[in-house]
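Record features, source Swiss-Prot:
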- Asn158: N-linked glycosylation site (CARBOHYD)
- Ser301: phosphoserine (MOD_RES)
- Tyr317: phosphotyrosine (MOD_RES)
- Tyr320: phosphotyrosine (MOD_RES)
- Ser345: phosphoserine (MOD_RES)
- Tyr347: phosphotyrosine (MOD_RES)
- Tyr350: phosphotyrosine (MOD_RES)
- 1-33: topological domain 'Extracellular' (TOPO_DOM)
- 55-68: topological domain 'Cytoplasmic' (TOPO_DOM)
- 90-97: topological domain 'Extracellular' (TOPO_DOM)
- 119-129: topological domain 'Cytoplasmic' (TOPO_DOM)
- 151-176: topological domain 'Extracellular' (TOPO_DOM)
- 198-212: topological domain 'Cytoplasmic' (TOPO_DOM)
- 234-247: topological domain 'Extracellular' (TOPO_DOM)
- 269-357: topological domain 'Cytoplasmic' (TOPO_DOM)
- 34-54: transmembrane segment (TRANSMEM)
- 69-89: transmembrane segment (TRANSMEM)
- 98-118: transmembrane segment (TRANSMEM)
- 130-150: transmembrane segment (TRANSMEM)
- 177-197: transmembrane segment (TRANSMEM)
- 213-233: transmembrane segment (TRANSMEM)
- 248-268: transmembrane segment (TRANSMEM)
Amino acid sequence: MATTVPDGCRNGLKSKYYRLCDKAEAWGIVLETVATAGVVTSVAFMLTLPILVCKVQDSNRRKMLPTQFLFLLGVLGIFGLTFAFIIGLDGSTGPTRFFLFGILFSICFSCLLAHAVSLTKLVRGRKPLSLLVILGLAVGFSLVQDVIAIEYIVLTMNRTNVNVFSELSAPRRNEDFVLLLTYVLFLMALTFLMSSFTFCGSFTGWKRHGAHIYLTMLLSIAIWVAWITLLMLPDFDRRWDDTILSSALAANGWVFLLAYVSPEFWLLTKQRNPMDYPVEDAFCKPQLVKKSYGVENRAYSQEEITQGFEETGDTLYAPYSTHFQLQNQPPQKEFSIPRAHAWPSPYKDYEVKKEGS
């Protein structure tokens, strides 16, 4: 039996593509437009990121560029995956949906988690993670979902049966789909918790980055709670399952771009603020001053209160003196102006003898 071609679609087009052009079901065209705009925006950010590398003054912001590029790849994949849910479910779109949905979101949430971990150190004035460590954390966290998805696909498809997803009943398919995303839900909770820790610190400049992650995760959690709730409702019309999932993909993709990518790009070229780091000058750092026992320990002694100072060797310690201590001056040599003296006459004795003779 021949099916009627919907208004807006050309003749000879396969029925699974009708949602892309059917004017009667406008949601497909709307989501297609939103997803296409997201793809273009993501590509624009990815092309802009290498150009901004030379303009980033802060080395710790520059360390995040590879991880943020990986994040943009995940966002680009999310917008691209939206088309797999607009197109009808069959042997090709079924494995794609189950395999890529969790992997792409695990990449995005892992990048946000790695960024949040680095921010928890920066906001407390500690040494941040290196570029390779941040990128390694993001890749490592996302690989777990890859293993889970591959194992599920292989076991479910039994290696060759690609139509198994379309053959499953809608409730069973939805349950398997949500259970497959258990690790992604764990990543979301962990990232949200870690982003809240970025508000606990004395260096407020890095809290703005933490606020971007916190807001992104808060909105993402709201979207996920909404679509999982609708998908698991027993009395809900199952014809809208693809609409719910494709809408969740497009909405979450734009949340990533507007709540995280855009403000982060705006902060990339911001001038390095010295207040965002611990003071490196030793003069300004609090230090342990060597105790001067002659000053502090003798300042309130009863003897010095009465005498005013105490002599120890050649140094006088005053109770409230500075570190320039008083010292005894060496005794000065006495001198006097020479005066004229009358010398006794050599004939004094002679004259006395003469008179006595």
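Backbone N, Cα and C define each Cβ position, glycine as well.
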Any same-chain residues 6+ apart from the residue listed as 'N-linked glycosylation site' with CB under 8 Å of its CB? Would you list them in sequence order, or say none?
-> Val164
Go through the chain and flag residues at least 6 beyond the ends of the transmembrane segment (130-150) whose CB is under 8 A from any CB in it; none is fine as an answer.
-> 62-64, 66-67, 70-71, 98-99, 102-103, 106-107, 109-111, 113-115, 117-118, 180, 183-184, 187
Count up the helix, strand and coil residues in the topological domain 'Extracellular' (90-97) according to DSSP, in that order.
-> 5 helix, 0 strand, 3 coil
Using a Cβ-Cβ cut-off of under 8 Å, list the residues of the same chain that are 6+ residues beyond the ends of the topological domain 'Extracellular' (90-97) and lie near it.
-> 16, 81, 84, 153, 157, 162-166, 177, 245
Candidate ranges 34-54, 69-89, 177-197, 213-233 - greatest C-beta contact count to the transmembrane segment (98-118) (under 8 angstroms) = 177-197
With Cβ distances under 8 Å as the criterion, find the stretch in 34-54, 69-89, 177-197 that has the most pairs with the transmembrane segment (213-233).
-> 177-197
Sequence-remote partners of the transmembrane segment (177-197) [C-beta within less than 8 Å, at least six residues beyond its ends] = 97-98, 101-102, 105-106, 109-110, 112-113, 116-117, 119-120, 141, 144-145, 148-149, 152, 210, 213-214, 217-218, 220-221, 224, 228, 231-232
Tertiary contacts of the topological domain 'Cytoplasmic' (55-68), as residues 6+ beyond its ends and Cβ separation under 8 Å = 49, 111, 114-115, 118, 122, 128-131, 134-135, 138, 261, 264, 267-272, 276
Taking DSSP helix as H, G and I and strand as E and B, the topological domain 'Extracellular' (151-176) has 18 helix, 0 strand, 8 coil
Summarise the model's confidence over the topological domain 'Cytoplasmic' (269-357) as a mean pLDDT value.
-> 55
In terms of Cβ proximity under 8 Å, which residues at least six beyond the ends of the topological domain 'Cytoplasmic' (119-129) contact it?
-> 60, 63, 137, 194-195, 197-204, 206-207, 209-210, 213, 276-278
For the topological domain 'Extracellular' (1-33), could you work out the same-chain residues 6 or more beyond its ends whose Cβ comes under 8 Å from its Cβ atoms?
-> 82-83, 86-88, 90, 93, 242-243, 246-247, 250
Same-chain residues at least 6 beyond the ends of the topological domain 'Extracellular' (234-247) whose Cβ lies under 8 Å from its Cβ atoms | 19, 27, 31, 35, 82, 85-86, 88-89, 97, 101, 170-171, 174, 227
Reported in the order helix, strand, coil, what are the DSSP residue counts of the topological domain 'Cytoplasmic' (198-212)?
-> 9 helix, 0 strand, 6 coil
